[in-house]
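K.L.:
First the structure, which I've put down as structure tokens, then a few questions once you've had a look.
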């Protein structure tokens, strides 16, 4: 017959291929699908595969001008979620040719761009992505990575310490720089701009950059250690963001910062390239992540956003604490912490890792634990996160009854005590409080901190 068969047909006839072998070059996705009542899971899974690749709602004449078999996404496996009725994990494979090289933006536009408002689905959540080696290799990744950062800072064998300067809005640049200096002088490695400190009427970015640079040079001279302050370069336009990064480089500071979700992946990748070319470290804040990842059955899991960041580029990223004020289940958090740091991560469903991921030597990202943590948490944090991490105590430094510098001293003493105890073979989980108590005998600053935050 001439022409083609017009009309609407079930997605599952074309896009559900349970016997399909996935290719090493495919991007694999695991979706948590909650179909509308009466919609079979195969149809729901196939609908996701279709709408995020080559499909549209009806057969079109131009389908005949391309090879659907070559380009279509395929739903290749569906399994029910234990303990949930009418919830399924649908696995979808996308041919690599559907994606632009080196563009996290395009990857997300394709995979999660359109399908989340789909009528046949009550809810949809992207749980994990397997990025194939061939695609990983089209990204620069983190500007420097864990090892290069340690070499630049000359700090080895322990987690790094940070502190977010509070109150986050309202300080003048001069007083802001003063707070930075006190913290760094006391023994922290880094201080941090809050995510919403950009360039507001009470403190313009240039003034802040200048006073913070002065503070860290002064602290460096006093302590003989390299210091950094995450200068937030996030701005309303990409051009302005790069302008701020250029100014930071001209001041000779070691690190800048970006809010990668509100700033966008395109801006973030540009900044990451600039940072590698100019020797700046890049600290990443995940402001707005909970809008996307908080719901258990809809949106995107943070591990996907973390993987995307490693491709786009960043040297540090906030990743929850496991112990402080923000929620995070321990095993799941450790799962994506490994995805950020390690070169090769095995599939492990108990840790939320749906696919084995090989990063083919893309540099690692340091996870940043931050939010409601203080000196009593130090043993647990040292044990959970290990050496390759940044521990950030905002209120846990600035809330010290004697001020910022003593607060910084308390944190540094607690950290060094925990690292030493661990290296001597002591068990941080069971002896943690004991270790902190012993250390506080020799440090009045730590003793005062222990008193304020005792549980």
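Glycine too: its Cβ is placed from the backbone N, Cα and C atoms.
I grabbed these lines from Swiss-Prot:
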ACT_SITE  166  active site, proton acceptor
ACT_SITE  285  active site, proton acceptor
BINDING   114, 164, 168, 286, 318, 370  substrate binding site
BINDING   192, 194, 195  Mg(2+) binding site
MOD_RES   192  N6-carboxylysine
K.L.:
Here the recorded positions are 168, 285, 318; which one has the lowest number of other Cβ atoms no more than 10 Å from its Cβ?
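P.N.:
Per-residue Cβ counts within 10 Å for the recorded positions 168, 285, 318 bottom out at 168.
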K.L.:
If I take the alpha carbons of residue 166 (active site, proton acceptor) and residue 194 (Mg(2+) binding site), what is the distance between them in whole Å?
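P.N.:
Cα of residue 166 (active site, proton acceptor) to Cα of residue 194 (Mg(2+) binding site) measures 8 Å after rounding.
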K.L.:
Quick one: which residues besides 192, 194, 195 have a Cβ within 8 Å of the Mg(2+) site's Cβ centroid, in sequence order?
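P.N.:
Leaving out the recorded residues gives 164, 165, 168, 193, 196, 197, 230, 232, 257, 285.
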K.L.:
I need the CA-to-CA distance for residue 286 (substrate binding site) versus residue 195 (Mg(2+) binding site), whole Å please.
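P.N.:
Each residue's Cα considered, residue 286 (substrate binding site) and residue 195 (Mg(2+) binding site) end up 8 Å apart.
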K.L.:
What does DSSP assign residue 318 (substrate binding site), in three states?
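P.N.:
The three-state answer is strand.
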K.L.:
Please report the Cα separation of residue 192 (Mg(2+) binding site) and residue 164 (substrate binding site) in Å, rounded to an integer.
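P.N.:
Here the two Cα atoms are 5 Å apart.
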K.L.:
Restricting to the record's substrate-binding residues (114, 164, 168, 286, 318, 370), give me the longest CA-CA distance in Å as a whole number.
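P.N.:
The widest Cα-Cα gap among those binding residues is 37 Å.
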K.L.:
Could you say whether, by DSSP, residue 164 (substrate binding site) belongs to a helix, a strand or a coil region?
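P.N.:
Reduced to three states, the DSSP call for residue 164 (substrate binding site) is strand.
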K.L.:
Check the Cα-Cα distances from residue 195 (Mg(2+) binding site) to the binding-site residues 114, 168, 370 and tell me which is shortest.
P.N.:
168
